[in-house]
Amino acid sequence: MAAAPFPAGILIAAVVFHATVVLSSFPATFHLERGITANHKLKLSKLKERDRVRHARMLQSSGIGVVDFPVQGTFNPLLVGLYYTRLQLGSPPRDFHVQIDTGSDVLWVSCGSCNGCPVNSGLHTPLNFFDPGSSPTASLISCSDQRCSLGLQSSDSVCSSQNNQCGYTFQYGDGSGTSGYYVSDLLHFNTVLGGSVMNNFSAPIVFGCSTLKTGDLTKSDVAVDGIFGFGQQDMSVVSQLASQGISPRAFSHCLKGDDSGGGILVLGEIVEPNIVYTPLVPSQPHYNLYLQSISVNGQTLAIDSSVFGTSSNQGTIIDSGTTLAYLAEAAYDPFISAITSIVSPSVHPYLSKGSHCYLMSSRFIFYLYYPSSISVVMWSMLHRLNPEICARFVLSINDIFPQVSLNFAGGASMILIPQDYLIQQSSIVSSLSLILIITSNFLLLRIFFYAVGALGIYNRTDHFVMAMLHYLQSQLPMPLFLLKTRKHPESLTSRIELILQTGALLWCIGFQKIQGQGITILGDLVLKDKIVVYDIANQRIGWANYDCSMSVNVSTALDTGKSEFVNAGTLSNNGSPKNRLHKMTPVTMMSFLLHMLLLSCYMFL
């Protein structure tokens, strides 16, 4: 049943994945990668614009196993998280890169003689065109075909009386659109059975063959071959595979929030004891929930409950493709005011290009206790010296910003820690100060950190020199060097306190206001580091905090009550070794150079 459309200007898209597509009567796998490289950074304003376009691209018209998507990429609003999946269609199978979109239902790809279809992509992926005539397993869908009526639910249908061909036209709120005709062909995939990968499985599906694109779909900067509809209606791939007994009518994801990225996306219901469920709003084209109230620091905000009501132009939508999060206009100001009233004594509110931000200082304090007769101490050797080490961050955002609770029908609440609604935009002071405190002496050593490394500048008049390399983007152990001269070795005391002063940091509220509309959209900002289950069959959505680097159990329960569990995510590459090696290289080189510099200086002390 087609639901009432949302107004133009609101897009619901899904996370886009890059992958090897797989489906079958057994668990299957997709291989996913980032669409935009990790060094491609955008400001908050650019992210808001990207989400605006994605929100505008909402349609204005209306042996069971597990499909396992090994997710790559990272949630970092400064690193644009565009994901897409690579699937194989036809005979012989050909690769197509398609955006995964929870805001639509139909899978469609570009076809031959397409007018307005890009031929190159800024994502550096090849763009292909599907040709039904070159695939012996392909067949056109006629207007009299029962499957054509499924497409009528999901598009502005066009049935040609001349050739009896079932066609479609999709119009999007941002002015873009596509049209074409429906075909049936094989979708190829790998399967996972008993922990082993099994290849060469396929299933017939109906999908769109687009011959015309307009608007932003004609641009090549982030062009893909099509869109993978992940919605609830019968034409979606999720529903088609479920009707064939290939996978359940449910899907789940768990997106890692750290910079290493990765996660899990499966067709099936992840089973986790702490998952709480809330019902879906019925007869809606998107994943609408009954949001009832918002609490900040345990206090429910004074927001009229009608603000969160569901109608044709308002409601709360959960969408894994929106980068940020968006609040209905009437709820936004009370939300910001509540947070600001709590943190004002500790930080300074700051309006940055229309976004509500906060300036705060940050220090890293490191304490080291060690024996007094050491000539050279290196961080990698400290375990041999049995020192007592402790470190702590001062003015962490968790210390000064409150928790937020989104309260839904059925008693389910989504608890947001500060990292779930704040985005670090920049450091106002780029240089960092390092202070070495020794009980009998005081040495001030400044180390200026740059994007590619660090340089230590020290005072030779003192008998002790200490330098520390701290590469902010690295997860390597922090190297520590402590050199002493031949003079007065007994003067070295047993405690060193290091204060790493980073200056003022700018944290901005990731929730944005949708002007003049009552739409609330919960994107990846709040969904990361959580299992999220879209149980379409039972019309509910659930979530639970989870370490998304871990594998998960997925239920393949049938209507008969039979339930099987498949360990999914074991094939997932939850972070790119190539990217990790790339990130480690400058750190390793700078660490080596700093070793050489300090040892050379030691010879002249």
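Keep in mind that glycine also has a Cβ here, set from the backbone N, Cα and C atoms.
The model shown is predicted, which means the values in this text are computed figures rather than measured ones.
According to TrEMBL, the protein has these features:
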type	residues	note
DOMAIN	83-544	domain 'Peptidase A1'
ACT_SITE	Asp101	active site
ACT_SITE	Asp319	active site
TRANSMEM	364-382	transmembrane segment
TRANSMEM	434-458	transmembrane segment
*Just counting, how many other CB atoms are there within 10 A of the CB of Asp319 (active site)?*
27
*Would you mind giving the whole-number mean pLDDT across the domain 'Peptidase A1' (83-544)?*
75
_Between Asp101 (active site) and Asp319 (active site): CA-CA distance (Å)_ = 9
*In three-state terms from DSSP, label Asp319 (active site) for me.*
coil
*Count the other Cβ atoms sitting within 10 Å of the Cβ of Asp101 (active site), across every protein chain shown.*
28
